[in-house]
Amino acid sequence: MRMQDIERKVIEWLDQHSAKAIRLLKRLIGEKSTLGSEFNAQAVVLEKLRQFHMDIDVWEPSIKQLKQHPYFKSNRSDFHESPNIVAKKTGAGGGRSLILNGHIDVVPEGSVKDWKYEPYQAVEENGKIYGRGSTDMKGGNTALLFALEALHACDVKLKGDVLFQSVVDEECGGAGTLSAIMRGYRADGALIPEPTNMKLFIKQQGSMWFRITVKGLSAHGGTRYEGVSAIEKSMHVITAIQELEKVRNARISDPLYDNIPIPVPVNIGTISGGAWPSSVADRVVIEGRCGIAPHEKPEAVKLELENWLKDLEYHDEWFKRHPVQVEWFGAQWLPNDLPDDHPLISVLQSAYQKMKQTEPIIEASPWGTDGGLLYHAGDTPVIVFGPGETKTAHQANEYIEVEAMIESAKIIALFVMDWCGLHTDGEDADAQVNKE
């Protein structure tokens with residue numbers, strides 16, 4: 001059978017069985033998989049994978065082993081009942097291997113009052129499925145599994161190996177993917193179906209969390225002039241951070257960031273301080289996220305922020321005597337930069353063009369993924385492409401469009417066949433003749 005005929009057969013199967021993908025996504029959304037609660041959602045993934053006759057590896061990442069790796073950054077103390085899953089379909093040989101990586105963990109739902117429907121009810125309405133994780137990224141995971149199911153149902157034989165990974169902890173720094181790398185899983189390329197709105201992200205921003213402590217001097221609120229308000233001093237710190245963000249982003253000239261207003265944000269996420277309404281606050285803690293451009297090293301970015309805040313002492317004597325304290329904690333996502341001429345791009349472009357009859361948009365991501373770990377720790381080049389829009393991720397009323405999810409599954413199926421290569425019955429016959 002010609003490659004075009006095989007591709008047509010796979011696409012027709014996906015069209016005819018779209019209800020399977022919808023049911024799977026609803027089941028995945030229905031299993032809440034926030035930090036430490038991933039077990040039941042992974043059980044759904046495992047049940048599906050067992051239908052594909054793949055070699056399956058299930059394990060709980062080891063904190064002891066992970067702590068030995070320099071890229072391990074996580075707040076977790078253990079991964080009890082938070083298993084990783086890797087399923088491998090061994091190819092016939094002679095093709096390129098591929099990792100299909102998706103994270104099963106989701107961020108908390110926040111206030112249920114802000115939701116149109118229950119966050120884990122998975123309601124379908126007007127071509128959209130609502131629920132926490134629908135876009136980030138159970139819709140993408142469903143697209144991967146649906147593509148694999150089509151290849152299995154159509155008895156497609158590949159030359160290269162395919163490794164499907166359903167990992168934990170991406171939202172907290174990527175310990176699940178790092179554990180898979182340390183377990184030996186690598187490939188010639190990888191695709192992560194994060195919500196890119198069907199764009200190809202060939203460069204990914206990294207990020208890391210910081211904590212800044214600002215000191216003050218406590219006093220009675222009635223005589224506040226005898227104290228020094230850490231809250232007021234923290235306003236100077238925040239202004240300095242905002243100025244640094246402008247300086248850092250002014251350096252970005254990569255055209256792939258042209259449509260992103262702030263390519264590498266420095267976001268302030270939490271502020272806490274003060275102990276009593278009638279007291280002058282003697283301490284404020286600011287926590288946030290600092291973006292890392294694809295070409296930057298995390299250590300250099302850390303040093304720049306620390307030195308920038310150290311300069312406050314030249315403008316305020318208080319900071320000279322009480323310098324702000326900066327620490328880096330919790331999660332970190334490494335940046336990633338795929339060369340413009342890498343075959344991952346051209347092969348995915350070709351698959352996209354076959355389905356959409358138009359050129360895909362190529363951009364850089366405004367957020368980090370596990371792609372940085374796959375590349376820097378696993379020596380595996382990565383491209384990010386998937387259904388869903390970032391604007392709904394991490395928000396109330398998160399949703400994904402069913403049509404985009406099905407369409408992305410088709411593109412991914414075509415991509416897998418082209419990247420790994422098709423092994424035909426004729427090649428089996430030729431191999432047998434040569435053997436005899």
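Glycine is treated like the rest: Cβ placed from N, Cα and C.
Taken from Swiss-Prot, the feature active site covers ASP105, and the record attributes it to similarity to another entry. Positions annotated as active site, proton acceptor by Swiss-Prot: GLU170. Taken from Swiss-Prot, the feature Zn(2+) 1 binding site applies to HIS103, ASP136, GLU194. Residues or ranges marked as Zn(2+) 2 binding site in Swiss-Prot (evidence: similarity to another entry): ASP136, GLU171, HIS394.
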### Task
Mind telling me which of the recorded positions ASP105, GLU194 has the densest Cβ neighbourhood, counting other Cβ atoms within 10 Å?
GLU194
#### Entry: Greatest C-beta neighbour count within 10 angstroms, which of the binding-site residues HIS103, HIS394
HIS103
### Sequence-distant neighbours of the residue listed as 'active site, proton acceptor' in its chain (C-beta under 8 A, six or more apart)
HIS103, ASP105, GLY176, THR177, THR369, ASP370
### Summary
Expressed in Å to no decimal places, the gap between the Cα atoms of ASP136 (Zn(2+) 1 binding site) and HIS394 (Zn(2+) 2 binding site) is 8
#### Entry: Mapped DSSP class for HIS103 (Zn(2+) 1 binding site), helix or strand or coil
strand
### Query
For the binding-site residues ASP136, GLU171, which one has its C-beta crowded by the most other C-beta atoms within 10 angstroms?
ASP136
### Query
For Zn(2+) 1, what surrounds HIS103, ASP136, GLU194 with a Cβ no more than 8 Å from their Cβ centroid?
GLY102, MET137, GLY140, GLU170, GLU171, ILE192, PRO193, PRO195, THR369, GLY386, ALA393
### Query
Is GLU171 (Zn(2+) 2 binding site) helix, strand or coil when read with DSSP?
helix
### Task
Note the Cβ centroid of ASP136, GLU171, HIS394, the recorded Zn(2+) 2 site, then list each other residue of that chain whose Cβ lies within 8 Å of it, in sequence.
VAL106, VAL107, GLY133, MET137, ALA393
## Note on the structure
Simplified to three states, DSSP reports ASP136 (Zn(2+) 1 binding site) as helix
### Task
Give the distance between the Cα atoms of GLU194 (Zn(2+) 1 binding site) and HIS394 (Zn(2+) 2 binding site), rounded to the nearest whole Å.
13
